[in-house]
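These notes concern the structure reproduced below.
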Amino acid sequence: MPKTLEGQITMEKTPSYFVTHEAPARIYAMSRDTKVIVVVRDPVTRAISDYTQTLSKKPDIPTFESLTFKNRTTGLIDTSWSAIQIGIYAKHLDNWLQFFPMSQILFVSGERLISDPAGELGRVQDFLGLKRIITDKHFYFNQTKGFPCLKKAEGSSKPHCLGKTKGRTHPNIDPEVVQRLRDFYRPFNMKFYQMTGHNFGWD
Ligand SMILES: Nc1ncnc2c1ncn2[C@@H]1O[C@H](COP(=O)(O)OS(=O)(=O)O)[C@@H](OP(=O)(O)O)[C@H]1O
């Protein structure tokens with residue numbers, strides 16, 4: 001990480017940190033004042049989105065339904081499949097709490113980042129101790145894309161919208177499998193809500 005001068009915030013983004021067992025210890029050893037921001041969304045939708053991304057690169061992989069189960073007849077979920085494993089947020093958070101207090105970790109709702117981007121960004125700015133510079137007036141909703149776009153500062157170029165590869169259409173998944181996954185995640189979600197003091201409304 002580069003050195004941070006007075007009045008600066010150094011930021012680094014890597015999605016896999018939150019789910020990498022060794023990450024919190026290493027980050028703590030680097031700087032125990034580090035603040036952590038994690039975007040989370042409904043773990044079932046997250047798993048399907050994860051699968052969709054892999055499918056776009058490797059079209060020959062097995063179906064989502066077959067990868068979900070260790071044994072479809074007994075309904076035993078394959079928790080070693082990363083698409084499933086990553087959504088067990090309470091377990092990953094437990095690992096981070098061995099090193100960092102909850103006050104240094106902010107969970108941003110992926111759903112609200114779409115429905116109320118300024119509200120979520122407001123929470124981020126507060127968490128970082130910044131003035132609320134980014135507000136509603138910086139966003140407009142792109143109906144075609146289904147995501148908000150960020151308007152740049154006055155006089156600057158085009159607004160920033162998500163790239164072409166974002167917002168892929170998810171395949172239809174057998175509703176029974178989706179239900180089984182909802183049942184699987186429910187207790188972990190409840191624990192996560194308790195730990196964070198925030199109900200993300202995923203049920
Ligand atoms: N800013 C913002 N707000 C809300 N949601 C967002 C945002 N950026 C990315 N996404 C959604 O996150 C999913 C994974 O995105 P990526 O394709 O960027 O994944 S990755 O970072 O390359 O692994 C993917 O979800 P799905 O579209 O549902 O598959 C993205 O659309």
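Keep in mind that glycine also has a Cβ here, set from the backbone N, Cα and C atoms.
Among the features that TrEMBL reports, domain 'Sulfotransferase' is placed at 13-186.
The 3'-phosphoadenylyl sulfate binding site annotation in TrEMBL covers Arg41, Ser49, Lys166, Gly167, Arg168, Thr169, His170. Within the same chain, residues at least six positions away from Ser49 (3'-phosphoadenylyl sulfate binding site) with a Cβ under 8 Å of its Cβ are Arg41, Arg168, His170.
Under the DSSP three-state reduction, Cys149 (disulfide bond) is assigned to strand. When Cβ atoms from all protein chains are considered, those within 10 Å of Cys149 (disulfide bond) total 17, not counting its own. The feature disulfide bond is assigned by TrEMBL to Cys149-Cys161.
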*asked:* Measuring Cβ to any atom of ligand 1 with a strict under-6 Å cutoff, which of the recorded positions Ser49, Cys161, Lys166, Gly167, Arg168 qualify?
replied: Ser49, Lys166, Gly167, Arg168
*Name the residues of the same chain, 6+ apart in sequence, whose Cβ is under 8 Å from the Cβ of Gly167 (3'-phosphoadenylyl sulfate binding site)?*
Lys145, Gly146, Phe147
*Can you tell me how far the Cα of Cys161 (disulfide bond) sits from the Cα of Thr169 (3'-phosphoadenylyl sulfate binding site), in Å?*
17
